[in-house]
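Heads up: the structure comes next, in structure tokens.
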């Protein structure tokens, strides 16, 4: 009981320090403005739509030599305690509204709840912080014209600024031992690289639990060359009337006023709004299937039949249980990379117990308990869905379908992953998380438990379908060779690119954050290099 009291006291003191931390404005705030302060019209070399995981490093890089405007529909992260602390991960995803919350909730047609970032930093400002590079196969299969030396330099630029080696929390140490004991070997220690076995990955939370996100990479921008407009909702991309190329964008501020951001000569509009936002805005701007756009009354700029198609989400399945003793809050720090198509991760959360029984002690302290989670996600996936318009208003989320487990390969991989969870539960490392009663030692599950007959493909497959959830790793919708070319230029349209996870046909490695951050930096360097070469030719 003393250890629990000490923990709770530390927890309270920890949070009492938050306001002083939040009061320190990041360096990048010197060039961040509310969209209401933006002039009715202005000109830029590059207009980046979406201040998220790819957009921030991209805009920061382009600002080295050119005037850049970064447009973000949400606000800034550093003033929000839940966003900036790892303990606020779940509250951030739960406390949502229709307009300004850092997370925007949406559900797929399958009824699976999901979320996307609506804040400077994008999903890197609301995620679990785990950082792990893509597997080598991803680069070859992506179709993107990558430069291997630039990939490494780009990763290092990101990692120097916002990535940390975590100190393992007790639950993370236990899951590490359980993975190794269950055969997810070898143990590779701490590494940012993707490698078979069990490893400790990087984190964008520092040792104090303070979040670092893509927004912090704006601190590395050339501040005289960049402007960031927050609460700026881009309504559509503008195009020339003579030949099809982007000329600028129209965006609206919170007062309802419209602003025009226009391109200078040789400039580009770059979509970095993510797997939902980028295809959504392309459709509303007139780039998509001709007949479909016409049915909505949208003037067709270019017939591009695959915009919004081949949309993917990595299904998450797993189990949760109470622990006999209180554990500290932990987000993902360890991953098991199996050779059977699945990745295993874990987390733990501290929650207050709300008793319905009236206490005579009016000032009694709340009681806390811990929920431990073990989850698996599959490689890929192969099952593809689509995105369709729900309205011609950009503020209305589109309708999305992911068709989870429509591919039998995906279902097989899920079965493999959930079986491995069962093996982990049977290890000695997990023995201390069981409760003893007259039946013996058993887990106290919260929600669904694994089937009793885990050797049955049919029962395990049914578990996968019935408990499917998201791990927030959706991607696709603007695939390479279907919507964009290998340099991520929108095919058939000039001065327009898409640089974000919507161009991926597979999710990179265990968690996409590192690769999307790298992509923004990599493509920024490539654009600068190519433009310089043209100038000197």
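Backbone N, Cα and C atoms are what each Cβ position is placed from, and that goes for glycine too.
In TrEMBL this protein carries:
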- 1-23: signal peptide (SIGNAL)
- 72, 73, 234, 472, 473, 501, 512, 513: FAD binding site (BINDING)
- 117-140: domain 'Glucose-methanol-choline oxidoreductase N-terminal' (DOMAIN)
- 274-288: domain 'Glucose-methanol-choline oxidoreductase N-terminal' (DOMAIN)
- 414-464: disulfide bond (DISULFID)
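For residue 464 (disulfide bond), applying a Cβ distance below 8 Å and a minimum sequence separation of six or more within one chain yields 315, 317, 405, 411, 414, 415, 418. Long-range neighbours of residue 501 (FAD binding site) (same chain, six or more residues apart, CB within less than 8 Å of its CB): 53, 54, 274, 275, 474, 475, 476, 512, 516. Broken down by DSSP into helix, strand and coil, the domain 'Glucose-methanol-choline oxidoreductase N-terminal' (117-140) contains 9 helix, 4 strand, 11 coil. The Cβ of residue 512 (FAD binding site) has 27 neighbouring Cβ atoms from other residues within 10 Å, across all protein chains displayed. The least crowded of the recorded positions 234, 414, judged by other CB atoms within 10 A of its own CB, is 234. Highest Cβ count within 10 Å among the binding-site residues 72, 73, 473, 513: 72. Helix, strand and coil counts under DSSP for the domain 'Glucose-methanol-choline oxidoreductase N-terminal' (274-288) come to 11 helix, 2 strand, 2 coil. The average per-residue pLDDT of the prediction over the domain 'Glucose-methanol-choline oxidoreductase N-terminal' (274-288) is 98, rounded to a whole number.
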